[in-house]
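Visitor: First, the structure itself, so that you have it in front of you.
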Amino acid sequence: MSAAKAYRYGVFCFLGGARFLSQSASIENTQPELTTTEPTGEIDSAHRSIEDRLFDTSRADKDLGRRAVRGGAITITTQGFRFLLRTGSTAVLARMLTPEDFGLIAMVTVVVGFTEILNNAGLSAATVQRKEITRAQISTLFWANIVISTTVMLLVAASAPMLSWFYNEPRLVGVTLALSASIIFGGVGIQHQALLRRSMQFGRLAVVEVGGIFAGVVVAIVMASLGFGYWSLVGMTIATSFMTAILSFAMTGWTPGKPTRDSGALEMLKFGVGVSSFTIVNYFSRNCDNFLIGWRWGAGALGVYSKAYGLLLLPTAQISRPAMAAFLPMLCRLQDKPEQFRTVFQQVIRALSFLTMPGMAALVIAADAAVFVFLGPQWDAAVPVFQILGLAAIFECVFSALGQPMIACGKASALYRMGLIGAVPTIGAFFIGLPYGPEGVAAGYTLSNTLVVCPLLFLFVAGQTPIKVFDFYRAISPPFLLAVLVAGIVYGVRYLFDIQSPILVLLVAGICVTPSTILSIQLFRQIRNLQHD
């Protein structure tokens, strides 16, 4: 696939997605009360109506199941378009830049990604989890996010020389200083996006997410075509954060007020700290591999590893986490109904597993074809890493969703212990595999995550929520067996007919996973009836 074709493909996917998402946003927010006989008050009335729905969720609670399912469908569709945009841009940029360019940015991304967690401070989850909120509370949290973002931005900028010294890479000073600017933009829209998620206005949230990524992709491709090299990746990050912040304000219409001490936000801040503690530990354990590979093997090896990881594990996580987040308001409202809570969670996990497991299994068999099509021939070294991580990606949808039921039940303090349980064996596996290069690190992660971490976390979550251990295995067993069958079919068809074309190999894989995708959609539709059972 040429760079021009890949770019046109990405633009086509975005335009189609933008049309769908804009329709979703408009339908989602159409209300009879917006029509008035007084033209001068029409805009103010519409603005108040949109803002009122951000804080008053009683309308959403009346039809929780339908809204959760519709939100899940919009969210998964959104993540699909995000995946197409990122994949299309990767196909273009991987042919315009080198593995070393990607590895150089990945060295800084480890730090910047960590600061995004500090940026959020768990306050987004605190807003969504809270049964009732006030404008004063959210305004206070907004300014708290701004203060945190500014502080973190200054700390990252100050750490630029140290990061350059650690990796022995002088270019990291300028890259780190530039990327630190994206941190403040990221903090601006956190509460606006949380309000959209809490009020289940997922169409508007989709416009924010996809619009931000599209802006970043356009900037990156233009800069790369002009010869800016790795700076095009820096531009993509900054443009994405900036546009996301702008769209967050535009889609909510909410303007924060002044912070107040007696708003009752202190309890939400404490909850946010608990959630943030878990996220920090989880992020460190999940990104320690990039840190170690960059230090031990250099930018080239890290570029290969990070691209293989990005093609497999990140898309799966980007589907499962937002999809679970779409159902989080529903789970929060069912926390006092344990049987319904269990049933809804189990059904969501099963649907997500049918959506992702067979596809990941097929990609393990078609790894060489996927790398050639999406990255190009200069990335052949990523194939073995891609195959090894593909085994871990089969279970990634389940692993990524385990924190949501804990948040729904208000178990913020227990989340930190959950993060430690997963971090210790994962980081240990990274160190064991590090002497063997990116392939060794990938193997260590796959074995520890599949055989140790997931079973331990199943036990832990079962002890903190209404969910039982058997619920996890009952939910994932059918899709896992189907994934094994799909992998066998793809392997058999490919080698029986001696298919050499990478495009044709991926086409066969896509045909094989279509039935599981249809089944997943049917399962999501069934969830809307669960709240009435």
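Here the Cβ of each residue, glycine as well, is placed from N, Cα and C on the backbone.
TrEMBL annotations: computationally assigned, not manually curated.
These numbers come from a predicted model, not from an experiment.
According to TrEMBL, the protein carries these features:
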TRANSMEM  142-166  transmembrane segment
TRANSMEM  172-190  transmembrane segment
TRANSMEM  202-224  transmembrane segment
TRANSMEM  230-252  transmembrane segment
TRANSMEM  352-375  transmembrane segment
TRANSMEM  381-402  transmembrane segment
TRANSMEM  414-436  transmembrane segment
TRANSMEM  442-463  transmembrane segment
TRANSMEM  475-497  transmembrane segment
TRANSMEM  503-524  transmembrane segment
Visitor: Does the transmembrane segment (230-252) reach the transmembrane segment (172-190), going by 3 or more CB pairs under 8 Å (6 or more apart in sequence)?
Guide: yes
Visitor: Could you check if the transmembrane segment (381-402) is in contact with the transmembrane segment (503-524), meaning 3+ Cβ pairs under 8 Å among residue pairs at least 6 apart in sequence?
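Guide: With fewer than 3 qualifying Cβ pairs, these stretches do not touch.
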Visitor: Cβ under 8 Å to the transmembrane segment (503-524), counting only same-chain residues 6 or more beyond its ends: which ones?
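Guide: Long-range Cβ neighbours of the transmembrane segment (503-524): 69, 72-73, 76, 347-348, 350-352, 354-355, 357-359, 362-363, 365-366, 369-370, 373, 479, 482-483, 486, 489-490, 493-494.
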